[in-house]
Every structure is written in structure tokens, then in C-alpha cells.
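For reference, the structure is listed below as C-alpha cells.
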Amino acid sequence: MTDFSQDAEAARWNYRPENPVGLNPLFSWPPRPAAVLRWYRGAWLQLTSLTLCLALAIATYAWFLPPLEAMQSFAPGWMVRVWLLNMVPQILVAGALHWWLYMRKGQGMYKKFDRRDLTQDNGTFTFRNQVRDNIWWTLGSAMTVCTVYQWLIYWVMANGWVPTVTWAQGPVWFVVWLFFIPMWSGLHFYWVHRLEHHPKLYKHVHAVHHRNVNIGPWSGISNHWYENILYFTTYFIHLVVPSHPLHLLFHIYFQQVSPILSHSGFEKIKAGKTEAAKTGDFFHQLHHRYFECNYGTSEIPFDKWFGTFHDGSAEATTRTRAYKKQMYT
Ligand SMILES: [Zn+2]
Ligand SMILES: [Zn+2]
């Protein structure tokens with residue numbers, strides 16, 4: 001348990017985890033197999049962003065995704081459907097979470113990190129309103145860029161120009177690759193995100209995402225056009241690594257829907273008196289509060305390796321502020 005009594009920042013949080021932010025123990029030395037098992041059990045065997053995205057991907061593949069044969073040439077039917085398969089889950093998940101947590105205030109301040117409510121009537125935001133700003137950058141910019149990339153990838157896959165895989169051809173590879181997609185996504189995200197924090201790129205591009213110091217569900221992929229063009233290049237791995245459309249769908253929802261949860265601003269979602277789902281991600285919440293820390297995810301500890309890890313402590317805040325000052329002077 002951390003002693004917060006000496007932390008000048010304590011009053012700024014409504015809630016924060018008692019223990020320092022955890023990182024994937026898979027990379028710990030000496031090895032900690034029991035902790036690794038606990039980490040992956042926690043991620044895959046409860047209602048989390050991973051399991052929600054996998055369920056979404058399976059349901060979409062089974063019921064809604066057009067067959068690859070239909071995608072061999074560009075035609076409005078399947079292309080509109082791919083766009084809707086991005087838009088509808090995004091609107092439903094972000095809309096429902098926003099409504100429950102911020103409009104209905106269904107669990108009050110329970111496990112809400114930031115004390116403040118979302119911002120209204122503030123000229124920093126497009127339309128002078130944080131939620132409308134976030135909805136525009138998500139549904140306008142992000143959904144457009146990701147859809148165009150997906151059209152290209154499905155089209156290339158459908159024409160057999162890249163190696164693909166089916167369950168029958170390689171069930172082991174099928175599962176292994178599915179399991180590694182979040183790790184690939186974390187690796188890609190770390191480097192793209194670091195690049196976006198270059199002072200020049202930050203000012204003109206990434207600042208749109210960072211208008212949200214206090215984040216909400218719609219902030220997840222509320223990104224500038226150029227940021228989306230970079231962020232969604234993660235999908236092009238499927239042109240190199242043999243994949244099935246289900247891999248791409250899981251990747252898509254992990255990249256698009258899980259940020260809704262991780263930006264929800266609440267650590268857990270309560271249903272009745274029980275905690276029903278893990279949502280918020282204090283690791284990334286700290287990135288939005290202090291900027292020059294926690295560029296990656298807790299899945300691969302790049303931040304620890306490169307000295308930018310913020311574990312929530314007062315010392316880490318001091319170190320982050322010194323680093324930021326040095327970056328901008
Ligand atoms: Zn950032
Ligand atoms: Zn963010």
C-alpha cells in the first residue's frame with residue numbers, strides 16, 4: 001500500500017489505486033510464473049476490454065462480416081457494411097458508458113479517478129464542448145481513417161495477395177496469433193505515441209487527444225487526422241503475418257473499443273452492489289494528467305525500460321515534471 005499523505009497531488013484525485021501501478025510480470029527477472037498466471041487470468045477470464053473485444057469480434061465475424069469472396073473488388077455494399085461495423089459498436093459502447101457514468105451518474109463517484117466533471121463551454125475544445133469535440137474526432141476522423149485501412153486490407157486478403165490462415169489449416173497458430181495481437185498493438189502504440197510526443201508533432205497533432213486531461217469514454221480515440229493515419233497503421237501487420245479476418249476484427253475492436261473503456265475515467269463498473277467489469281486504466285490516466293510518462297501500455301513495460309514509467313507515486317510525478325521541463329527547454 002502506498003502512503004499518499006506526503007503527496008501534494010493527493011487532493012486532485014477522487015480515487016486512485018492503493019498500490020503502485022502494476023506492469024506485466026512476464027518481463028520480470030527472476031521469473032514470477034504465479035504472478036504471470038494471475039495477470040493473464042485477470043485479463044482473459046473476466047469481463048475486461050480484452051474479453052469484450054474478442055466477443056464482439058466473434059459475433060461480428062459470425063453474423064455481420066461479408067465473406068472474403070465478396071470483397072475481391074471495391075463495391076459499396078460491403079464497404080458500407082465495414083464502415084457500420086466500426087461505427088455501430090463505437091456508438092453503442094461509448095454512448096452507453098457515457099450515458100451511465102456521466103449523464104445518469106449511475107455509480108456516482110465510485111472509483112472515478114478525477115474529481116472534476118467533463119468540460120463544457122471551454123474554447124479549448126471543438127464546438128466549445130468536450131463531449132461533442134470527442135464525438136466528432138472519433139466518429140468523423142478516427143472511424144473514417146480506420147475504415148479506409150480496413151477496406152484495403154480486406155481487399156488484399158480477398159484477392160489472395162497476402163498469406164492468410166484458417167482454423168482448419170493451423171488451429172495452434174490461429175490461437176497464438178490472437179493471443180499476441182494485444183502485445184503487437186502495445187508495441188506499435190508505444191513507438192507511434194512516443195513519436196507524437198515530439199514537441200513539434202505534439203503541438204500540431206497529438207494535442208487534440210490531450211485536450212482531455214480529465215478523460216471520458218468518448219476521449220478514447222478522439223484523435224487528429226494525422227494521428228489516426230499513424231495510429232491505425234497497426235492493422236497493416238495483417239498484410240505481413242498470416243491472418244484470418246477474425247484476427248483483424250479482434251485487432252480492430254481492441255484498437256477502437258478498448259480505449260473507450262480505458263479512457264472511461266472509472267476504474268471499475270458497478271452493477272448493483274458488485275463490480276461487474278474492469279474498465280479504467282490508471283496507467284494511461286496518469287499519462288493524461290502528467291503527459292510525459294506512460295507512453296505505452298502495462299502489457300509491455302517499455303516505459304520502465306526507458307525511464308518514463310509513472311507508478312502513481314509522488315516521486316514519479318517529480319521525475320516526470322523534471323523530464324517534461326528538460327524536453328521543452
Ligand atoms: Zn500522449
Ligand atoms: Zn489517451
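Heads up, the Cβ atoms here are built off N, Cα and C, so glycines get one too.
These figures come from a predicted structure and were not determined experimentally.
Copied from TrEMBL, the annotated features are:
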TRANSMEM  42-63  transmembrane segment
TRANSMEM  83-102  transmembrane segment
TRANSMEM  135-157  transmembrane segment
TRANSMEM  172-192  transmembrane segment
DOMAIN    183-308  domain 'Fatty acid hydroxylase'
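Residues 52, 56, 60, 64-65, 112, 117-118, 131, 138-139, 143, 146-147, 150, 216-218, 220, 252-253, 256-257, 260-261, 264-266, 269, 279 of the same chain, all 6+ positions outside the transmembrane segment (83-102), place their C-beta atoms under 8 angstroms from a C-beta of that stretch. Over the domain 'Fatty acid hydroxylase' (183-308), the average per-residue pLDDT in this prediction is 95.
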